[in-house]
Amino acid sequence: MGEESLKKRKGGDKGREDSQSIQKISYKYISFYFKVGLVSGICMIVGTIIGSGIFVSPKSVLANVEAVGPCLTIWAACGVLATLGALCFAELGTMITKSGGEYPYLMEAFGPIPAFLFSWTSLLVTKPSSFAIICLSFAEYASAPFYPGCDPPQVVIKCLAAAAIVVITIVNSLSVKLGSYLQNFLTAAKMIIVTIIIVSGIVLLAKGKTENFKDSFKDSKISVSSISLAFYNGLWAYDGWNQLNYITEELKNPYRNLPLSIIIGIPLVTVCYVLINISYFTVMTSTELLQSQAVAVTFGDRVLYPASWIVPLFVVFSTLGSANGTCFTAGRLVYVAGREGHMLKLLSYISVKHLTPAPAIIFYGAIAIIYIIPGDIDTLINYFSFAVWIFYGLTVLALIVMRFTRKELRRPIRIPIIIPVIVTLVSILLVLAPIISAPELAYLYCILFILSGLIVYVLFVHFKFNWPQKISKPITMHLQMLLEVVPEEEVSQ
């Protein structure tokens, strides 16, 4: 009887050990399950950047400078700025090889308060609003063929956008590999429509369709204000140039693949954007482009008819690819903030079955759906662009600061100091330009929201009030069982 009891006890101990070994699954174990290589890294950059922006922003850029020549120059300059910014992030990403994008860099350079304000703003403003903007753009293009001659109802657009968010969230919660494979497929699909537009433009240029490029700088409106606002809209189309830094821990050989992905991916996007705009101008004058409701659709109607349906179809693929890339990377920011104790601890938990930060991704998708309900694309872009460039500039400034304060850190990539200085100055200009040129209350609300994060930090992070933990503890326990997730810390036990 004693032996049987001992055997049962040993069996129970073994069962507990097995249970504990199952729980000792870390987000870092993804390295043994799936890693993002160079090709996937390039696809992540290209797929995240090329989304709805190139099909929406050309009108806004042209409206600010009012001529073809300055418009094309702005598109090229935006690509240069994005590349310089990404090179700064490459040094940061190989110096501090932690996922979470700007978060760990601000933490190392300035301490927890700026890092918390970044995560606070990113989690509740910039990342969800970007996700919502892209999915709303997808919904507009997806629903347009079913409502010829009129605008689709807003309820249809919002429901489609919400459905897209739900599907993408589920895919990225289930598998890192599935999310990356979906990204590669959608990137290939969007490059098809990009290639079609570029090749069509080259063919038209070869046939002599160059009249819209004559006197291309004539009647242009050049001023600090107009150039700044044109950059503002152009850079929205390039946003995503820093997305690979959010998954540094999941990169194969990040010292090599991170800079290579940037050096190959962003210039490729820049060339595509300039050639796409040239293609637009081969069939449309400046006035016609400004009057077009959907520039790519107008281009397709004039060049690809009767196969013009190809354009909205592949634009849908393009926006879905951008949304998937944004979800894939932004979920990691939520995860890192939870791991550092700056957000709910549940957000740093890892799925036992799928090895993904599922709670963080689900939280991110839920906030994006909330933004869709009352928001529209223009308002969301204003909030997003203003807030995001505050922290882009602050992060690049962190690189400059750590050159002097953290000299002991190993820097596999070391860029000339003039590059981060230029990017920081341009960031300051981009933040101040819309306030000076077209002041709106939205900018004030955005600043107040960012600063409100200080109250949250002082109460719940610095002083660590216990009553929220008492309330959240049973909720966390039930959600942990429902989602089958465990904390990463258990891996060290």
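Note: Cβ is positioned from N, Cα and C throughout, glycine not excepted.
Predicted automatically and left uncurated, TrEMBL annotations should be read as such.
Taken from TrEMBL, the feature transmembrane segment covers 32-55, 67-93, 155-176, 188-206, 260-283, 309-335, 355-374, 380-401, 413-436, 442-463.
With pairs at least 6 apart in sequence, the transmembrane segment (260-283) and the transmembrane segment (380-401) have fewer than 3 Cβ pairs within the 8 Å limit; the two do not touch. Here the transmembrane segment (355-374) sits apart from the transmembrane segment (67-93); fewer than 3 CB pairs are under 8 Å, leaving out pairs fewer than 6 apart in sequence. The stretch in closest packing with the transmembrane segment (188-206), judged by the count of Cβ pairs under 8 Å and taken from 32-55, 67-93, 155-176, 260-283, 413-436, is 260-283.
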